[in-house]
Amino acid sequence: MAVLDLALQGLAIFGCVLFFVLWFMHFLSIVYTRLHLNKKISDKQPYSKLPGVSLLKPLKGVDPNLINNLETFFELDYPKFEILLCVQDLDDPAVDVCKKLLGKYPSDDAKLFIGGKKVGINPKINNLMPGYEVAKYDLIWICDSGIKVKPDTLTDMANQMTEKVGLVHGLPYVADRQGFAATLEQVYFGTSHPRSYISANVTGFKCVTGMSCLMRKEVLDQAGGLIAFAQYIAEDYFMAKAIADRGWKFSMATQVAMQNSGCYSISQFQSRMIRWAKLRINMLPATIICEPISECFVASLIIGWAAHHIFRWDIMVFFMCHCLAWFIFDYIQLRGVQGGPLNFSKLDYAVAWFIRESMTIYIFLSALWDPTISWRTGRFRLRCGGTAEEILDV
């Protein structure tokens, strides 16, 4: 009995620690968002002396927003950059979109590469290799096809690339679009994701997504170039790790990495979340424990039980109050990331928030159940440590 009492006491203390950790993350991410995001920073160097940038753009397929997203890069206000458009297949409809933009902006330093180069299992790396090999500037900007930018986005990122910084990344967010699936995505990328993403980066953990990353080419080459990361599916994590291991710091851009895909649905969002969870579990096995207990409903149950065990408070009353506080702070976080009025009502937010939180356990269990993922051009079986093998159809 004494052992059981000791174990319960330990679990209760764990619940209290969890409470303070999670609410520290809430406050930290909200404060950082308010102080840093969507703020115009002072120029660190004269406009004319900004370093040259080679933009690598991996493309596969088209969606209704692709041409508009790509065009924002041709309209960047930056003194010296090149656009390297990379398409894997000759018959990909993205080729025609690229040719149309190249014809519309003949004075821009832009090139189209078709065919890729097979150097590993990662299809994104394979696609980017021809562009990377001819990139002529010291800074490499890898930016996904679904991202749109403002004219001064690259200037903002380049100003963050100070002497000791080796990588500048943008916090992923989602543009205003119509429909509930768009609201669901916006709620996730404005609440749960930035809470973890910002807290990790501010406290020294290297958390980077590859949607929009500006990196020093020299440092990547020291790590073996893009080819060194072709064995991984989550190449962005391992590129960031290689840069950090060489003593370089990271900086977050003041502008978000604005996702603006023209194709979206609840099922696509769910599949994407499951794929990301699978990658995190295989790269960082501690995710198996940390991820579920960092979500609202599970955390509220654990903390509510701890409050009942220590203070004899009613579990369900505490659970409801804790969830309500979480819900309110998430809304504050979302408004901060948005940087302006939301495109949906508070009722839409409440419904999307509840559905997103309710999906978390299903997403996590689905990720544990099956270690294979479908991504871009194939299916892959993940291995512990982040490597993968392609599953070939027989």
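Even glycines carry a Cβ here, placed using N, Cα and C.
Membrane topology from Swiss-Prot places Leu102 together with His308 on one side. The range from 196-215, 216-235, 236-255 that Swiss-Prot describes as transmembrane segment is residues 196-215.
According to DSSP, Asp236 (active site, proton acceptor) sits within a helical segment. For Asp236 (active site, proton acceptor), the same-chain residues lying six or more positions away in sequence with a CB closer than 8 A to its CB are Val208, Thr209, Gly210, Cys213. Taking the topological domain 'Cytoplasmic' (33-195) as a whole, pLDDT averages 96 in the prediction.
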